[in-house]
């Protein structure tokens with residue numbers, strides 16, 4: 001639900017942000033002879049309005065509701081009470097209530113006795129002392145929207161107090177406002193966190209007294225005070241850290257906090273963190289980038305407020321506590337994503353889900369025991385390699401020579417162009433093809449000087465009937481002389497385009513099968529005269545053969561449909577023609593050929609599989625999800641099928657597919673999210689590819705960042721800061737990137753309006769200089 005109403009007018013007062021639904025109540029002190037709680041507006045909205053350069057007000061609007069329309073004496077009494085609360089209001093007092101925002105109102109968040117989120121502040125216009133007002137937020141308003149509203153109020157308080165823009169406010173400035181409001185309120189609030197609680201009584205000196213801190217962390221905590229109503233799935237103690245992007249390290253915020261995961265119903269769960277000075281809450285969801293580091297007994301996650309994303313770390317007392325929390329987290333996250341109960345999941349699938357939730361789990365356990373075993377020589381070598389990568393100034397200076405504007409194939413230039421939309425790299429020659437509206441630009445690489453050159457443009461692409469089409473999902477075909485395309489509209493039609501002629505020469509129908517994705521029958525078929533291709537619909541997998549007589553080109557005897565919609569979403573093939581199919585649910589099926597049952601079914605980890613690519617030999621599978629990559633080792637290690645791959649034989653009951661979940665670490669993604677204001681969304685990830693070459697590097701992108709992973713780095717993570725990925729930031733969003741065929745040294749990158757050739761060694765270790773321009777660091781600290 002979008003609650004922002006920037007620049008929308010309410011009379012002459014612009015509303016900055018609005019909570020669209022809730023109940024407005026008057027809260028009297030316990031000493032009042034009147035009722036402690038009285039409903040003012042049964043249905044209302046709450047807004048922040050700008051009334052001056054650095055002046056703001058909270059405004060509550062009454063929304064007409066049948067339940068409020070009383071008659072007779074009862075209505076008279078209710079109206080009189082309303083007037084006492086609104087005693088200084090204008091004639092609109094029965095429909096609207098407002099108060100200027102200042103430190104005096106002590107605005108803060110709490111929960112009512114029913115577990116609903118409530119916003120409370122001082123009633124400065126009341127007839128009695130210690131009166132407060134309360135806005136109980138409707139259940140259909142998201143927690144993130146509420147947090148956004150609260151942070152807006154605190155920023156307004158900052159501007160009112162300091163008479164300057166809140167863009168200059170540091171995180172500490174806003175936290176001070178929040179803490180002051182909360183501290184002054186808790187003195188009169190019996191439900192507030194008790195600062196004398198046994199859980200926190202020794203916490204004052206724990207910053208330097210690790211023994212006392214350890215004793216506190218061992219305790220079984222009492223339930224949290226201000227959290228949504230629901231069943232506790234987990235309740236533990238930890239220390240709380242926050243990542244400082246300036247110092248590039250985690251800073252202790254509080255030595256002892258309570259941590260709970262709460263089942264709020266309908267497969268939704270809430271992570272609550274509560275200490276003496278800190279209180280955080282967020283939904284259990286993948287978009288907070290949850291990451292476990294078992295080698296350090298830690299859990300990392302992102303927390304977004306306003307347009308700033310912070311990275312927090314919970315550090316548990318020991319591995320047992322971390323594993324206890326991890327088990328609850330993985331289980332609740334899986335239920336949130338799949339809308340199914342954990343008890344319904346088969347035991348083998350449970351093991352796979354739990355084993356795959358850390359990257360790599362087995363390796364991290366090994367690190368715990370052997371983290372200092374590596375030789376100094378090996379560490380020095382890695383350090384040297386890292387320095388060489390980060391000091392590649394020649395490549396930086398050369399980079400401008402290797403950027404080609406895509407506008408070169410727009411004549412005349414079109415102001416309405418949507419920009420580049422895809423990149424396809426040839427295998428047989430040094431060409432690359434970039435789609436842009438109804439054009440395709442042809443580029444070539446020159447190995448002698450590592451340059452990229454614009455060759456030609458295929459313009460005004462149209463179908464056989466002469467209707468202009470914008471090409472989608474291009475795939476090179478038949479010795480790289482043709483492209484297979486869709487038009488983005490007809491899901492059961494494919495087009496074959498002759499590249500040399502620059503024209504569509506054939507149209508293929510797939511009958512009643514809507515093609516979701518398609519690819520070569522074998523990984524390197526585009527280098528051969530092979531004419532068949534494979535594809536998936538939402539409920540089936542099939543082969544397309546253009547030699548079949550008639551319009552429908554589906555090879556029925558080499559196709560398989562499933563009963564009901566499986567929501568297949570992606571397909572990939574190996575050099576031998578083994579097939580992997582992913583679904584929107586997140587599961588993957590492996591086949592040795594079409595038309596039969598899958599040899600291996602890999603359970604879902606929760607996120608949809610957008611794209612699949614495989615290593616040539618079928619040992620590795622790489623799946624692209626929204627914010628993660630799944631790297632799967634398909635080689636069977638145990639049992640009678642040991643040595644085989646999952647395409648040919650099923651995994652034994654005692655063994656699961658080894659899966660590495662690749663993601664951007666929370667402290668890095670926090671900088672990315674704050675800089676781009678967009679969530680992480682990976683483009684299709686690729687292995688480096690070549691005949692007889694070993695896959696050893698992965699490349700993908702999100703926003704303006706191209707990202708590469710080293711397979712060796714993934715398999716040899718040691719818990720240090722030598723991250724297995726490197727990043728390069730561009731001045732525009734990356735549409736797609738892929739390796740030059742036969743090399744893992746150079747990456748072709750399609751930007752919105754440009755095409756670039758970059759060396760992999762120009763990608764850097766993630767740091768504040770790489771992730772954000774220096775000017776944008778003020779987003780965090782003013």
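Glycine is treated like the rest: Cβ placed from N, Cα and C.
Source: prediction; values computed, not measured.
Within the list 29, 196, 762, the entry that Swiss-Prot describes as phosphoserine is 196. Swiss-Prot assigns the feature region 'Disordered' to one of the listed ranges (188-215, 216-243, 244-271, 272-299), namely 188-215. Within the set 343, 416, 486, 697, Swiss-Prot records phosphothreonine at 486. When 170, 422, 615 are looked up in Swiss-Prot, the one carrying the note phosphoserine is 170; the rest have no such note there, which does not rule it out for them. It is 372-422, from the ranges 372-422, 423-473, 525-575, that Swiss-Prot records as region 'Disordered'. Listed modified residues: 170, 486. The one with the lowest count of other Cβ atoms within 10 Å of its Cβ is 170. Cα of residue 170 (phosphoserine) to Cα of residue 486 (phosphothreonine): a span of 50 Å.
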